[in-house]
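I have placed the structure first, in the form of structure tokens, so that the comments after it can refer back to it.
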Amino acid sequence: MLTSARPSEKHPFVMVIFGGAGDLARRKLFPALYSLYRSGLLDRRFAVVGVGRSEREDEQYRQIVRESVDSHSRMDVENEEDWSSFAERFHYVSLDVGTAQGYGKLRERVERCERERGIPGNRLFYLAIGPELFGRVSSLLNEEHLTRTEGWKRLVIEKPFGHDYESARELNDQIRQSFQEEEIYRIDHYLGKEMVQNIEVIRFANTLFEALWNNRYISNVQITASETVGVEDRASYYDRAGALRDMVQNHILQMLMMVAMEPPSRLNPEAIRDEKVKVLRSLRRWKSDDEVSQNIVRGQYLAGRVDGEEVPPYREEEGVPAGSVNETYVAGRLFVDNFRWSGVPFYIRTGKRMRQKSTEVVIQFKDVPQNLYFNKNNDLGPNLLVITVSPEEGLSLQFNAKKPGGDNEVIPIAMDFCNNCAEDTPEAYESLLHDALEGDLTFFTHWDEVSLAWKFVDPIREAWDRDPESLTFYESGSWGPAEADQILKEEGHRWHRAYRHGTKSIVQGSRIEK
Ligand SMILES: NC(=O)C1=CN([C@@H]2O[C@H](COP(=O)(O)OP(=O)(O)OC[C@H]3O[C@@H](n4cnc5c(N)ncnc54)[C@H](OP(=O)(O)O)[C@@H]3O)[C@@H](O)[C@H]2O)C=CC1
Ligand SMILES: O=C1O[C@H](COP(=O)(O)O)[C@@H](O)[C@H](O)[C@H]1O
């Protein structure tokens, strides 16, 4: 949304949500639609048709939408009349989406919405159902003529997109029978996050950074996505997926691509995607067991304390099979083998039940050739650019300066900008839904990215399958297994602590406690 080169254009539409009363719809999609509506970003001619097997009347469905907005929206309902005008656009159709029976009823409902609201056939099909249904539903939409429309048709598809390269390819082939690539919006919600989108702007709208953005000046890059939550109620999915498939194949690699890509010739989806794909092509693939064990660490959480509460080990979580060797943590040392990045390690880490919820990208610049100054530890702190993605969004530029009044003593200071400390910014789903309705594919994942990401991840997975002993363990509430520190130590580096911004949304100066 933020960096689209195109002017904003509203379209009338019908949105069909498969899994229309599920968790994703309630926690993310309804609140996103409501915020867009309240912000005036939706054409007034729109309707939403929710689909599920449970029987419900429209009124009951609207009640679910209201409860979801009351609980999860960043905007409160302030005017009941305005709420009614929003809610009356929601309808519900009960059907089993895995069988053709019932699609006729759905088509009629969609066509009625279009007639009654003067919508010229633009249809957004949102698959908020289990991944085993993605292919089947996309085929049935075609076979049952829902894709036959005077306006545009688009398919928004949730993660996971496949389980490995082969299953992803099969799914993609099936979807492509009904939808063209430019009609497929594969969601990676990290691409909807304000500061992930901002990486592009920070880099390409500032001489200051772009001039230094290469292996002559950058020592290493660190990408962290740590969570405090455990597996929650998702063991049936998560124990088969693991952190590598769940977070690295998509979110972590997407952030890496945003950091490492070359400037696109234009700000259009094709040009940006081409540059991102080149990064994945240059990503060194760890294939042999030795390469994997030397560069990638996987771990599983043990019992511990998180946010002051005792938590059980992963193996004792509900639904997790006894003795599971599934990883809840991954750290890695990656290399992008091209002119710009040759020799610069990209360290990645992600895990559940870690010390702190924090997603951030740290760019560590190289040291000056000679230290002319002194300070307490007799070393200068590194120059760092920290891009905090969540829960705080912002930027911090850390460098060295003279201590006021000191005897030429040098101290680290920071220029700090917090994007969301003073007020809420749009949720990722709000931004992505808006883009899908506008037809802007910039922040959606192209098949080329999905397929190359699986090709990077699959050999790592296979090496682990051959060697279950490669699993390490970490205490809940820690920063992960010690083995993950070792891969940085070997290069003379260390993980940076998660950054916390000040409370003001203005650029401010501050000293850093060492
Ligand atoms: N929840 C989240 O935060 C996230 C979810 N996702 C993805 O989004 C998708 C949905 O997840 P989530 O909302 O959590 O799942 P839920 O199980 O909460 O919701 C899925 C909904 O689909 C409906 N459904 C299931 N089978 C059928 C069927 N055969 N015919 C019609 N309706 C059906 C169910 O309703 P009923 O029982 O009435 O049929 C259910 O409400 C998944 O692919 C998930 O991986 C991705 C990222 C985050
Ligand atoms: O896609 C996923 O992301 C969440 C973390 O998302 P965030 O926006 O809270 O950082 C993760 O918990 C989940 O396992 C994964 O499927």
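A Cβ is built for glycine as well, from the same backbone N, Cα and C atoms used for every other residue.
Taken verbatim from TrEMBL:
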type: ACT_SITE; residues: HIS251; note: active site, proton acceptor
type: BINDING; residues: ARG53, ASP96, VAL97, LYS159; note: NADP(+) binding site
type: BINDING; residues: HIS189, LYS193, GLU227, ASP246, LYS352, LYS357; note: substrate binding site
type: DOMAIN; residues: 16-198; note: domain 'Glucose-6-phosphate dehydrogenase NAD-binding'
type: DOMAIN; residues: 201-496; note: domain 'Glucose-6-phosphate dehydrogenase C-terminal'
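Binding residues for substrate (HIS189, LYS193, GLU227, ASP246, LYS352, LYS357) extend across at most 20 Å, taking the greatest CA-CA distance.
A Cβ distance below 6 Å to any atom of ligand 1 is met, among the recorded positions ARG53, VAL97, GLU227, HIS251, by ARG53, VAL97. Each of the binding-site residues ASP96, GLU227 was ranked by the number of other C-beta atoms within 10 Å, and first place falls to GLU227. Regional average pLDDT for the domain 'Glucose-6-phosphate dehydrogenase NAD-binding' (16-198) in the model is 97. For ligand 2, the neighbouring binding-site residues among ARG53, LYS193, ASP246 are ASP246, by Cβ distance under 6 Å. Listed in sequence order, SER226, GLU227, THR228, VAL229, SER390, PRO391 are the same-chain residues six or more apart from LYS357 (substrate binding site) with CB atoms under 8 A from its CB.
Using a 10 Å Cα-Cα cut-off from HIS251 (active site, proton acceptor), the binding-site residues that qualify among ARG53, HIS189, LYS193 are HIS189.
Least crowded of the binding-site residues (ARG53, VAL97), judged by neighbouring Cβ atoms within 10 Å of its own Cβ: ARG53. In this entry, NADP(+) is bound by ARG53, ASP96, VAL97, LYS159, whose most widely separated C-alpha atoms sit 21 angstrom apart.
Sequence-distant neighbours of LYS352 (substrate binding site) (same chain, 6+ apart, CB under 8 A from its CB) are GLU227, THR228, VAL229, GLY230, VAL231, ALA243, TYR301, TYR314, THR328, TYR329. Checking each of the binding-site residues (ARG53, ASP96, VAL97, LYS159) against HIS189 (substrate binding site), the C-alpha distance stays within 10 Å for LYS159. VAL97 (NADP(+) binding site) sits 25 Å from ASP246 (substrate binding site), taking the Cα positions as reference. Comparing LYS193 (substrate binding site) with LYS159 (NADP(+) binding site), their Cα atoms are 16 Å apart once rounded. Look at ASP96 (NADP(+) binding site): DSSP puts it in coil.
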